[in-house]
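Colleague: What follows is a structure written as structure tokens; I'll ask about it next.
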Amino acid sequence: MSIVRMTDLDLSGKRVLIRQDLNVPIENGRITSEQRITASLPTLKRALEQGAAVMVTSHLGRPKEGVWSEADSLAPVAQRLSELLGREVPLVRDWVDGVDVQPGQLVLLENCRMNVGEGKDDEALSKKYAALCDVFVMDAFGTAHRAQASTHGVIRFAPVAAGGPLLMAELDALAQALDAPAKPLLAIVAGSKVSTKLELLASLVGKVDQLIVGGGIANTFIAAAGYNVGKSLYEPDLLDTAKKIVADAKARGADIPLPVDVVTAKQFLPDAVAEVKAVDAVAEDDLILDIGPQTAAQYAQLIENAGTVVWNGPVGVFEFEAFSKGTEALARAIASSNAFSIAGGGDTLAAVDKFDIAAQVSYISTGGGAFLEFLEGKTLPAVAALDARGA
């Protein structure tokens with residue numbers, strides 16, 4: 001890729017518009033997780049230290065275009081940024097036609113999704129964004145898969161368009177995991193449905209040496225292998241698809257190991273009685289809610305021997321203590337492994353937090369949908385636009 005990096009530019013005296021992902025959860029006007037704000041700070045500080053006139057924007061929620069609403073305002077974000085940076089960060093409304101900002105100053109531009117034309121990547125709006133700055137910096141990997149005016153259109157028209165440190169770190173880590181991975185490459189893909197991860201499974205099966213499936217996805221593969229899954233969540237209409245994925249893996253020498261034992265319950269409840277069973281001993285009224293200890297040990301061994309691990313999804317109902325042991329075993333194995341590891345997806349990050357292994361994971365992707373689309377081999381609009389500008 002030939003993307004211009006913000007870190008290679010001299011921003012002194014330049015008007016710099018930075019698209020961040022500051023879409024933080026807010027309840028009753030209070031920010032409940034400020035991870036995305038703190039992640040953006042090094043980028044903002046670097047631009048300020050170089051003497052740039054810094055404008056930052058982000059989306060928050062899904063406001064109606066053309067309508068300002070307090071619920072979707074970045075006001076709480078501006079306040080928190082002011083506290084973290086130790087300087088006033090003014091929030092600017094109605095900013096599309098011009099922003100008054102001086103070198104060494106930083107302003108936050110109100111929720112870009114309130115601007116008419118943002119969602120449809122409107123060309124006229126994109127040109128107005130571009131006219132605000134000398135340099136546009138795309139630093140919001142979490143929205144890189146959306147072709148919108150602030151993530152795509154502006155890149156086409158800004159005098160200079162660059163990838164920010166957060167975005168580039170994400171792309172560098174993903175490239176290390178997928179383009180030239182240390183072998184063996186092991187992927188863990190889990191979730192409730194094969195249908196939502198079908199493209200991901202099909203893409204990864206052409207790249208990985210081992211593919212561990214978990215959750216409802218694993219149940220479909222277990223059923224495809226001819227075992228009873230009882231009342232477990234699975235997709236009977238995708239059994240042939242699961243068989244094909246297994247066959248495709250085998251054809252290129254890759255392996256999709258199935259659980260040898262599982263943890264079952266009669267009800268989907270936090271206090272349900274958990275019972276470990278061999279995979280061929282699941283009863284008609286059983287729910288499979290986790291992998292069993294033997295399987296967890298086998299998978300942990302694969303992780304220990306891996307050169308690269310890509311983790312997307314917990315392998316059991318880890319929110320329920322009795323059914324969290326499988327996910328914990330894999331999390332601990334990733335933490336102690338020497339492999340280059342990358343973890344992404346909301347539930348995965350919750351598991352990383354629950355088992356307190358963030359410091360031991362090589363790279364934690366905050367991308368969500370963009371992370372999945374990249375793993376699926378899709379071209380991300382923002383990345384493609386930056387690449388075209390850098391060519």
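Any Cβ shown, glycine's included, is placed from N, Cα and C.
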Colleague: Using only what Swiss-Prot says about ATP binding by GLU319, GLY345, GLY346, ASP347, THR348, identify which of LYS128, LYS183, LYS193, LYS197 is listed for that site too.
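Modeller: That ATP site, as Swiss-Prot gives it, pairs GLU319, GLY345, GLY346, ASP347, THR348 with LYS197.
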Colleague: Among ARG36, ARG46, ARG156, which is the one Swiss-Prot gives for the substrate site where ASP21, LEU22, ASN23, HIS59, LEU60, GLY61, ARG62, ARG113, ARG146 also bind?
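Modeller: Among ARG36, ARG46, ARG156, only ARG36 appears alongside ASP21, LEU22, ASN23, HIS59, LEU60, GLY61, ARG62, ARG113, ARG146 as substrate-binding in Swiss-Prot.
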Colleague: For HIS59 (substrate binding site), which DSSP three-state class applies?
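Modeller: Going by the DSSP assignment, HIS59 (substrate binding site) belongs to neither helix nor strand, so it counts as coil.
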Colleague: Have a look around HIS59 (substrate binding site) and count the other CB atoms within 10 A of its CB, chains all included.
Modeller: 27
Colleague: What are the sequence-distant neighbours of ASN23 (substrate binding site), meaning same chain, six or more residues apart, C-beta distance under 8 angstroms?
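Modeller: Spatial neighbours, sequence-distant, of ASN23 (substrate binding site): ARG36, SER58, HIS59, LEU60, GLY61, GLY142.
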Colleague: Looking at the binding-site residues ARG113, LYS197, which sits with the largest number of other Cβ atoms within 10 Å of its Cβ?
Modeller: LYS197
Colleague: Within 10 Å of the Cβ of ASP21 (substrate binding site), how many other Cβ atoms are there?
Modeller: 25
Colleague: Where's the emptiest Cβ shell within 10 Å among the binding-site residues GLU319, ASP347?
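Modeller: Comparing Cβ neighbour counts within 10 Å for the binding-site residues GLU319, ASP347 gives GLU319.
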Colleague: For GLU319 (ATP binding site) and ASP21 (substrate binding site), what Cα-Cα distance in Å is obtained after rounding to a whole number?
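Modeller: Approximately 27 Å lies between the Cα of GLU319 (ATP binding site) and that of ASP21 (substrate binding site).
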